[in-house]
Amino acid sequence: LLSQFDPDNTGYISTEKFRSLLQRHGSELDPHKLEVLLALADSNSEGRICYQDFVNLMSNKRSNSFRQAILQGNRRLCSKALLEETGLSLSQRLIRHVAYETLPREIDRKWYYDSYTCCPPPWFMITITIVAFFLYNGVMLDRFVLQVSHPLYLKNALLYHPQLRAQAWRYLTYIFMHAGIEHLGLNVVLQLLVGVPLEMVHGAARISFVYVAGVVAGSLAVSVADMRAPVVGSSGGVYALVSAHLANIVMNWSGMKCQFKLLRMAVALICMSFEFGRAVWLRFHPSAYPPCPHPSFMAHLGGVMVGITLGVIILRNYEQRLQDQTLWWIFLSIYIIFVLFAIFWNIFAYSLLDLKLPPPP
């Protein structure tokens with residue numbers, strides 16, 4: 001349709017022709033998307049609109065150049081804020097609440113509110129919580145939680161153990177084991193309360209990447225910094241999500257309009273600190289299986305580092321291509337270098353240091 005307004009194939013059309021197009025077909029668009037289009041026309045000081053920006057908008061793909069075109073200049077959004085809209089159903093209010101909990105810009109919140117269809121639902125966080133934590137532990141192990149004093153604690157194929165580090169699956173499957181009901185409970189609560197809304201907004205692919213990257217970084221951090229200890233629990237993935245979310249709130253404090261955001265941050269930090277403090281205490285507590293120590297707490301720190309690097313970039317760039325972000329490539333390169341370093345460390349360092357490891361379970 002825009003080709004008739006750009007007969008010379010320059011890739012641009014004038015803002016006047018663009019406005020006439022909006023007046024003719026504006027009734028066919030979502031009201032919030034129409035606002036974004038008008039803002040695009042209002043903010044352009046060169047008197048022309050890029051065709052690709054229009055295509056990106058209509059196909060729900062936005063780049064940095066498009067965001068800058070929207071935000072620069074005197075952008076005018078004429079209607080009221082999403083929070084002030086009335087007559088919404090329960091599901092619409094839930095979607096609006098999620099938007100204000102996770103997104104710092106009103107234009108992003110309106111965009112998300114209009115485009116979210118709950119298809120697919122936030123399946124990743126729900127599945128990994130129910131299947132991994134409850135179904136596996138309850139059905140296969142005949143108990144929901146294995147305490148560190150239980151005879152089967154070390155004798156299973158899930159947890160990471162330094163003597164069994166060649167079994168690569170253990171760097172991931174250790175998340176299915178927990179050192180007590182309080183360990184499991186706090187991780188499940190944080191994972192569902194923070195992870196599900198984030199997945200609703202950013203999608204399963206991005207959130208699962210942050211989660212799995214935190215899990216892998218957690219076990220590798222243990223293998224490098226706490227070489228004699230095993231590790232259990234999903235804290236690496238959970239802390240990656242929570243720390244990324246909290247860092248995003250702090251970095252966009254003025255734009256975050258969620259209610260009681262200071263109280264929410266305080267509660268999340270208290271829960272994380274309590275669980276981390278418990279992990280540190282347990283690590284240095286006399287072990288039920290000497291000479292093998294209790295699980296390491298380094299996985300928590302590995303997850304936090306992933307959250308405040310890769311996680312922040314992913315959560316900050318809603319509906320934008322990550323490959324256009326310079327910081328994304330920098331932090332991704334650092335993460336890959338760390339993973340490669342940890343792999344070589346696990347291959348060579350244990351023998352070179354002549355470290356006395358606890359016997360295999």
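Just so you know, glycine gets a Cβ as well, placed from its N, Cα and C.
TrEMBL does not curate its annotations; it predicts them automatically.
Taken from TrEMBL as is:
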DOMAIN    1-28  domain 'EF-hand'
TRANSMEM  123-146  transmembrane segment
TRANSMEM  207-225  transmembrane segment
TRANSMEM  231-250  transmembrane segment
ACT_SITE  SER235  active site, nucleophile
TRANSMEM  262-284  transmembrane segment
TRANSMEM  296-315  transmembrane segment
ACT_SITE  HIS300  active site
TRANSMEM  327-353  transmembrane segment
Distant-in-sequence neighbours of the transmembrane segment (231-250), which means Cβ under 8 A and at least six residues beyond its ends: 102, 104, 132-133, 158-160, 174-179, 183-184, 187, 190-191, 194-195, 198, 207, 210-219, 222, 256, 258, 261, 265, 268-269, 272, 275-276, 279, 295-296, 298-300, 302-304, 306-308, 310-312, 314-316
Sparsest Cβ surroundings (other CB atoms within 10 Å) among the active-site residues SER235, HIS300: HIS300
Cβ contacts under 8 Å made by the transmembrane segment (207-225) with residues that lie 6+ beyond its boundaries: 124-125, 128, 160, 162, 165, 170-172, 174-175, 195, 198-199, 231, 234-241, 244, 296, 298-303, 305-307, 310-311, 314, 335, 338-339, 341-343, 345-346, 349
Residues of the parent chain within Cβ reach of the transmembrane segment (296-315), under 8 Å, 6 or more residues beyond its termini: 102, 198, 202, 206, 209-210, 213-215, 217-222, 225-226, 229-231, 233, 235-245, 247-248, 251, 275-276, 279-280, 282-283, 322, 325, 327-328, 331-332, 334-335
Alpha-carbon spacing, the residue listed as 'active site' to SER235 (active site, nucleophile), which is rounded to whole Å: 6
